[in-house]
Amino acid sequence: MFVDQARIFVKGGDGGNGIVAFRREKYVPMGGPSGGDGGRGANVILVADEGLKTLMDFKYRRHFKAERGAHGQGKNMHGAWGQDLRVKVPVGTVIKDDESGEVLADLLLQGQEAVVAKGGRGGRGNARFSSAINKAPSFSENGEPGEEKWIRLELKLLADVGLVGFPNAGKSTLISRVSAARPKIADYPFTTLVPNLGVVMTKERDTFVLADIPGLIEGAHQGLGLGHEFLRHIERTRVILFILDAAQTEGRDVVEDYRILYRELELHNPDLLKRPQLIVANKMDIPDARDNARRLESELGKTVHCISAVTGQGVEELMGKTYALLQAAPQEIPSGEEPVVRRFEEELPFKIDKVDGVFEVSGPRIEKLVVMTNFNSDEGLQRFQRTVIKMGLEEALKEHGIKEGDSVRIKDFEFEFTE
């Protein structure tokens, strides 16, 4: 089964907790704090691997969680960092944020990597909080939670040349003749349900990769037929061959076929039509095909290359011309993805909503503070109070009409407001 889309959940490892410890050694009467920091949580990293051809593995496993960092120890010993989780994906995989659709990475090269979920930093041990005012702090930080998100993986094949045509135009027959690829061939539409790749060798022993992609129909740019399945894979090709049924065996007109194919590519992505292309009239072994090819050339005013994929007539010459076009084509084809433009504005530390009589406070900074605070320590609680006051939470709550004894909730931490 060829799987070219997947949706997976990734979570970076949580940071290890810092600890509270003091030196208790003979001959060290004033040992002081010695709690070590927690280790950093591991990242989730996707790695491009030429050995993989589909996203099939992600059909059965959808959750990937990296290990957390180790907790700190006494004697100022820091916790070990988590070992990064590396997940292999096929070369040509595009990684997108599932919620926003933003392209996070496009893995085009063997071994190329992308960090998709960062591990949290380790919490600081009490030794970090020692100061002239507080020489023996009895609190530490918890580790920071790792980043987590759902992401989408889309595989776009890396081929030099793409075959564009209606179902039963003879694309599969052509690729089976010019390469060792053996796609399924039969006399009904959509025989090819998955892309096929073949390596072509010209008579001069030059090689290139040809993609036989599922047949196109009118309305494909809107997803009809195999629409988006087809169009996604054609985006990376550097040369396009329009394969047309000149014998009109399906009852369609060959000129109209070309115009529909051209229009579908234009509606999907006009840049596709800027690439080098050849118009190929197939099935020259069938009566009337030659006359239809002449009519096609006359009406379009463009050169039409006549072949028979069944008998091999004209195929060798076509592959030579295709390679010549490929040599002149740009080496890199843009992905077609819209650039993401961000306008950076000052981020508010929190926002306040009143829900069922409870003042709910949310925001990345203040939620991170809650998660990393050890509320079992009086000093840790006092540090939390000082920090939120500096952030302006107390004044903001008063502006929202909070009164003595009202409840405040930040993530899972709930407390009563007192002045």
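Cβ atoms are placed via backbone N, Cα and C, with glycine included.
Swiss-Prot has this to say about the protein:
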- 165-172, 190-194, 212-215, 282-285, 308-310: GTP binding site (BINDING)
- S172, T192: Mg(2+) binding site (BINDING)
- 1-158: domain 'Obg' (DOMAIN)
- 159-327: domain 'OBG-type G' (DOMAIN)
- 342-419: domain 'OCT' (DOMAIN)
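Features as recorded by Swiss-Prot, highlighted on the structure.
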residue : record              : Cβ within 10 Å
G165    : GTP binding site    : 23
N168    : GTP binding site    : 22
K171    : GTP binding site    : 30
S172    : Mg(2+) binding site : 25
K283    : GTP binding site    : 27
S308    : GTP binding site    : 22
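In this structure, the C-alpha atom of G165 (GTP binding site) lies 10 angstrom from that of S172 (Mg(2+) binding site). Cα separation, S308 (GTP binding site) to S172 (Mg(2+) binding site), rounded: 12 Å. In this structure, S172 (Mg(2+) binding site) is part of a helix by DSSP.
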